[in-house]
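> Sending over a structure as structure tokens; questions will come in a sec.
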Amino acid sequence: MASENSPLLAYRLLGEEGAAFPPNGAGGSGVASARKLSTFLGVVVPTVLSMFSIVVFLRIGFVVGHAGLLQALAMLLVAYVILALTVLSVCAIATNGAVRGGGAYFMISRTLGPEVGGSIGLMFYLANVCGCAVSLLGLVESILDVFGADVTGSSGIKVLPQGYGWNLLYGSLLLGLVGGVCALGAGLYARASFLTFLLVSGSLASVLVSFVAVGPRNITLAPRPGTNGSSVPPRHGHFTGFNGSTLKDNLGAGYAEDYTTGAMMTFASVFAVLFNGCTGIMAGANMSGELKDPSRAIPLGTIIAVAYTFFIYILLFFLSSFTCDRALLQGDYGFFRDISLWPPLVLIGIYATALSASMSSLIGASRILHALAQDDLFGVILAPAKVVSGGGNPWGAVLYSWGLVQLVLLAGKLNTLAAVVTVFYLVAYAAVDLSCLSLEWASAPNFRPTFSLFSWHTCLLGVASCLLMMFLISPGAAGGSLLLMGLLSALLTARGGPSSWGYVSQALLFHQVRKYLLRLDVRKEHVKFWRPQLLLLVGNPRGALPLLRLANQLKKGGLYVLGHVTLGDLDSLPSDPVQPQYGAWLSLVDLAQVKAFVDLTLSPSVRQGAQHLLRISGLGGMKPNTLVLGFYDDAPPQDHFLTDPAFSEPAEGTREGGSPALSTLFPPPRAPGSPRALSPQDYVATVADALKMNKNVVLARACGALPPERLSRGSGSSAQLHHVDVWPLNLLRPRGGPGYVDVCGLFLLQMATILSMVPAWHSARLRIFLCLGPREAPGAAEGRLRALLSQLRIRAEVQEVVWGEGAEAGEPEEEEGDFVNGGRGDEEAEALACSANALVRAQQGRGTGGGPGGPEGRDGEEGPTTALTFLYLPRPPADPARYPRYLALLETLSRDLGPTLLIHGVTPVTCTDL
């Protein structure tokens, strides 16, 4: 664990070569010595080659011929704006900290979490695998177009046999060459890429020179079959040289049929082809594990590559529009060979771009796979991809990826996969934009990238534009990719992943919660919108598990805080003993499946600790208004962890993932007769303190006897029928009259109604008991109570019970806070409590047809039993010396009643107005 003595930056000052570098942590792709690629070789070259691909040689005429120069420029501008928005996000994330192996996957997973990062990382990996196969098959087709034995026309060199098997053989041989280069390390790949870059640059240079040096000429176009299979006369295209009329004719759009597919072209279809060839901006980021300084190389190299390719595309668009008529542009997409000073150099460029694209895809895929394997998100299935050479090259991931590409090559034609590959790339780009957007919106102080040319507007536009392009290119593939991402995320969520990466969702939640808490003004509170906000004080959760779940049901969308007081004095301790306990309490909340916060404190006494928690728990307008305590009696505590499946498994004491079981983190329950941390005097004083602070109080007794189905999270419709009994009258002051409608009585009704709204208690019948004196006529008081319940929208049965004649005799009522100190003696108070207890017990087993009756009247119809009883809690006496007697009276009152809640409310909680 980090302390103030830990170094702020874990940097090794001197490496083997005397240079400073950070250690390569988890998720890296090798030892530090593997980081040797410069910005140019590691980022610029692979990104340029990936963004050019084969489009730069074979699709310039296609785009300009169908869309015209103006629309082609608009398409290019829109495409590069979309890419540039993602590049800005990449630059921001890459300059905000150390970037290890995995490129885009590393950025996404360390921001959005392992679930989203792992799912998109796997999709990005599969996109690179399929992209490698598509490039190789495109290269095979380009070679066979010139050297194939079945080539039509006289220009071909018919030396290579053709067919499915031969095509697979050629693709496999080329894959072996590409895989060998990647398996031997990033250094050889960089040199091979640089050689390819030189070949492509030389080929493009020859094309640019040819536009100027070659004179006008007629070019015979490939013949097209007639409508009925008849031959048509050969057509000709014209290379006019620089000509104003040619440019004028090429300015507007002229969409026609694609001679290779016969499909009618539209703006969307042409734009999709152009954009498909430009989606290579992550080629450099995928090499992050081999870069000397990825935080500098990735943004700088990517921006240079994007600017360079944009300039070349613009130049080629203008030159083609100035010099080639529309017939040539639409009838021969490979017209560069026809106008070149040396046509074989164009072929070399075509082959070099296809080969470099396949190499870039394969090595990028291997680095993503290695990072996924290092993070252990998919278990043993990716274990072989962890293997690295002595120099840090992940040859295991290369071999793994090579095998998958070989399987994809078996499918032969992959034109249908091209759109899926592009959509998967766009999903990854959108995720990078979303990662940067999340970091920006979270406003975390540690998000301070050195690259500042971005904002949340650019990130949001990047996400929206990538999603739009996905559905423009292929709606089916876009919908399928989002569905696949959701399924993979659900799988990783169920499996569980690393939690030490940090979740930007937590930062976003903090930002939003803080904003809305500041808007939650306690001065605007109204009784119409009152809700319970509970503070449950727990000594040992082993004995309080049923109460913990019952309180969760009582909160009804309100605040629920689990409070615990650790006894001690910080002055006499070397460190705070409370902080290490938070993890165990949070695990308790998770396993008990309750929606609660945890608040712990250190105090010399439980009473003082309770005062601390009552004052400081919560935040802003979300502060506890009700204190919940277990009842103070002599019942031996039970260990509910032993009987609850969520806490008793696994028996070995370890949970899945190797963390200790919760049963090992809390001490065993107190043994019978052992000293308690809280005295009876302090217990009652804590209740009195809460009432002085204007907090409602709930004392819970015998909650361990609650029916298990009533504490479940499901519906209680199929459970055994039970009653919930409410006695909204102070049974220790049983005078008739309107006592049942005081604030405390209404609070009892409100809490019982809240409980009945919980699904597990829907089937329980709410009964409200109305006590009558022996000389009171039944019916009148019941009518008033029913009218009140109707106004409060409370559905309940009302039952009248007759209180014994001696209970009402005697002096007028004392003040509520001094009921023990009045004329009534201890013996009389004890007798009154016993009589009230007998009355309540007599009604617990009665059905709805019992009618009025006293303790002796048990001749009514037997019905459902009482699952929970709500009793009026009298206010503690003013004299602390009377506290033990007060507690004894409460014990007598609630003895043998089963699960009971004694409640005292001090705040209005009901409203009859709209």
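Here the Cβ of each residue, glycine as well, is placed from N, Cα and C on the backbone.
According to Swiss-Prot, the protein has these features:
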type	residues	note
TOPO_DOM	1-36	topological domain 'Cytoplasmic'
TRANSMEM	37-57	transmembrane segment
TRANSMEM	73-93	transmembrane segment
TOPO_DOM	94-119	topological domain 'Cytoplasmic'
TRANSMEM	120-140	transmembrane segment
TOPO_DOM	141-167	topological domain 'Extracellular'
TRANSMEM	168-188	transmembrane segment
TOPO_DOM	189-193	topological domain 'Cytoplasmic'
TRANSMEM	194-214	transmembrane segment
TOPO_DOM	215-262	topological domain 'Extracellular'
CARBOHYD	Asn218	N-linked glycosylation site
CARBOHYD	Asn228	N-linked glycosylation site
CARBOHYD	Asn243	N-linked glycosylation site
TRANSMEM	263-283	transmembrane segment
TOPO_DOM	284-297	topological domain 'Cytoplasmic'
TRANSMEM	298-318	transmembrane segment
TOPO_DOM	319-338	topological domain 'Extracellular'
TRANSMEM	339-359	transmembrane segment
TOPO_DOM	360-376	topological domain 'Cytoplasmic'
TRANSMEM	377-399	transmembrane segment
TOPO_DOM	400-416	topological domain 'Extracellular'
TRANSMEM	417-437	transmembrane segment
TOPO_DOM	438-466	topological domain 'Cytoplasmic'
TRANSMEM	467-487	transmembrane segment
TOPO_DOM	488-740	topological domain 'Extracellular'
REGION	645-678	region 'Disordered'
TRANSMEM	741-761	transmembrane segment
TOPO_DOM	762-914	topological domain 'Cytoplasmic'
REGION	843-864	region 'Disordered'
COMPBIAS	846-855	compositional bias 'Gly residues'
> Can you count helix, strand and coil residues in the topological domain 'Cytoplasmic' (94-119) using DSSP?
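Looking at the topological domain 'Cytoplasmic' (94-119) with DSSP, the answer is 16 helix, 0 strand, 10 coil.
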> Determine how many residues of the topological domain 'Cytoplasmic' (360-376) DSSP places in helix, in strand and in coil.
16 helix, 0 strand, 1 coil
> Have a look around Asn218 (N-linked glycosylation site) and count the other CB atoms within 10 A of its CB, chains all included.
10
> Rounded to the nearest Å, what's the C-alpha distance separating Asn218 (N-linked glycosylation site) and Asn243 (N-linked glycosylation site)? Just drop the number here, would you?
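Between the alpha carbons of Asn218 (N-linked glycosylation site) and Asn243 (N-linked glycosylation site) there are 15 Å.
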> Is the transmembrane segment (298-318) close to the transmembrane segment (37-57), in the sense of at least 3 CB pairs under 8 angstroms with a sequence gap of 6 or more?
yes
> For the transmembrane segment (298-318), name the stretch out of 194-214, 339-359, 417-437, 741-761 with the most CB-CB pairs under 8 Å.
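Counting Cβ pairs under 8 Å, the winner is 194-214.
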> What same-chain residues, at least 6 away in sequence, bring their CB to under 8 Å of the CB of Asn243 (N-linked glycosylation site)?
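Correct list: Phe322, Thr323.
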> Between the stretches 168-188, 194-214, 417-437, which one has more Cβ pairs under 8 Å with the transmembrane segment (263-283) than any other?
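So the stretch in question is 417-437.
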> Is the transmembrane segment (339-359) packed against any residues at least 6 beyond its ends, judged by a Cβ distance under 8 Å, and which are they?
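Residues packing against the transmembrane segment (339-359) from afar: 46, 49-50, 52-54, 56-58, 131-132, 135-136, 138-139, 142-143, 146, 174-175, 178, 181-182, 189, 192-193, 196-197, 199-200, 202-204, 206-207, 209-211, 213-214, 217, 219, 239, 280, 323-324.
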> Report, as numbers and ranges, every residue of the chain located at least six residues beyond the transmembrane segment (417-437) whose Cβ falls under 8 Å of a Cβ in that stretch; write 'none' if there are none.
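Contacts with the transmembrane segment (417-437): 83, 85-86, 88-90, 92-93, 104, 107-108, 111-112, 116-117, 120, 123-124, 126-127, 130-131, 133-134, 272, 275-276, 279, 281-282, 408, 411, 454, 456, 459-460, 462-463, 466-467, 469-470, 473-474, 477-478, 480-482, 485, 504.
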> Sequence-remote contacts (6 or more beyond its ends) of the topological domain 'Cytoplasmic' (360-376), Cβ cut-off under 8 Å?
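26-29, 46, 49-50, 100-106, 109, 114, 118, 121-122, 124-125, 128-129, 131-132, 135, 178-179, 182, 186, 189, 193, 280, 282-283, 286-290, 382-386, 388, 394, 396-398, 400-402, 405, 497-498.
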> Under DSSP, the topological domain 'Extracellular' (319-338) has how many residues in helix, strand and coil?
15 helix, 1 strand, 4 coil
> Are there residues at least six beyond either end of the topological domain 'Cytoplasmic' (94-119) with Cβ under 8 Å to its Cβ atoms? List them, or say none.
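For the topological domain 'Cytoplasmic' (94-119), the sequence-distant neighbours (Cβ-Cβ under 8 Å, at least 6 residues beyond its ends) are 22, 24-30, 125, 282, 285-290, 294-296, 298-299, 364, 367-368, 370-372, 374-375, 377-378, 394, 428-429, 431-432, 434-436, 438-439, 447-451, 484-489, 491-493, 497-498, 501-505.
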